[in-house]
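If you check TrEMBL, you get these features:
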- C18-C82: disulfide bond (DISULFID)
- C31-C92: disulfide bond (DISULFID)
- C62-C72: disulfide bond (DISULFID)
- 1-93: domain 'SRCR' (DOMAIN)
- 112-156: domain 'SRCR' (DOMAIN)
Amino acid sequence: SFEGRVEVYHDGKWGTICDDQWDDRDAEVVCRQLGLSGTPKALSWAHYGQGSGPILLDEVQCSGNELSLDQCKKSDWGQQNCDHIEDAGVSCDPFTGTDVQLCKSDAVEGTVRLAGGRSPSEGRVEVYYNGDWGTVCDDGWTDLAAQVVCRQLGFR
């Protein structure tokens with residue numbers, strides 16, 4: 001119930017996503033869109049079996065903060081150069097922890113993340129600064145500050 005081949009519905013039909021550029025940031029968005037917490041993992045080469053019908057998306061490149069795949073950089077719908085052997089999959093494994101995982105090389109100064117929550121939309125606020133992740137002190141913390149963090153992470 002938390003892993004499988006990713007299929008999208010567009011223009012009245014279901015189709016698959018090509019795994020070109022497919023990575024854990026894309027998986028994070030899929031897990032969030034499905035309301036699943038856990039550790040997002042992208043899987044390639046039709047790991048969960050080949051789909052049938054159209055391949056609807058290719059070259060998906062999410063930052064990881066989007067609310068849905070539709071907000072990610074991607075090819076136009078139906079524009080692809082793939083075969084179903086390249087169908088993308090995702091695991092949103094709830095048994096491997098809920099912290100957002102980012103490699104240090106992926107993080108830029110001022111990047112924020114949520115850690116330790118029960119879902120991707122809650123948790124302790126952490127910020128990347130000077131090569132390390134740190135927490136944010138709650139002195140003077142307000143709803144307005146929380147709204148800024150939510151917006152930064154792509155939540156409404």
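Quick reminder: no glycine exception, Cβ is built from N, Cα and C everywhere.
Unlike curated entries, TrEMBL annotations are predicted automatically.
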Cβ-based isolation winner (fewest other Cβ atoms within 10 Å) among the disulfide-bonded residues C18, C82, C92: C82
Cβ neighbour count (within 10 Å, all chains shown) around C31 (disulfide bond): 25
Inter-residue C-alpha distance, C31 (disulfide bond) and C62 (disulfide bond) (nearest angstrom): 12
C62 (disulfide bond): tally of other CB atoms within 10 A of its CB: 24
Among C18, C62, C72, C82, which are recorded as disulfide-bonded residues, the nearest neighbour of C92 (disulfide bond) by Cα: C62
C-alpha spacing of C18 (disulfide bond) relative to C62 (disulfide bond), in angstrom: 14
Cα distance (Å, whole number) from C18 (disulfide bond) to C72 (disulfide bond): 14
Residue distribution over DSSP helix, strand and coil in the domain 'SRCR' (1-93): 16 helix, 29 strand, 48 coil
Overall pLDDT of the domain 'SRCR' (1-93), taken as the mean: 90
Neighbour tally for C72 (disulfide bond), based on other Cβ positions within 10 Å of its Cβ: 20
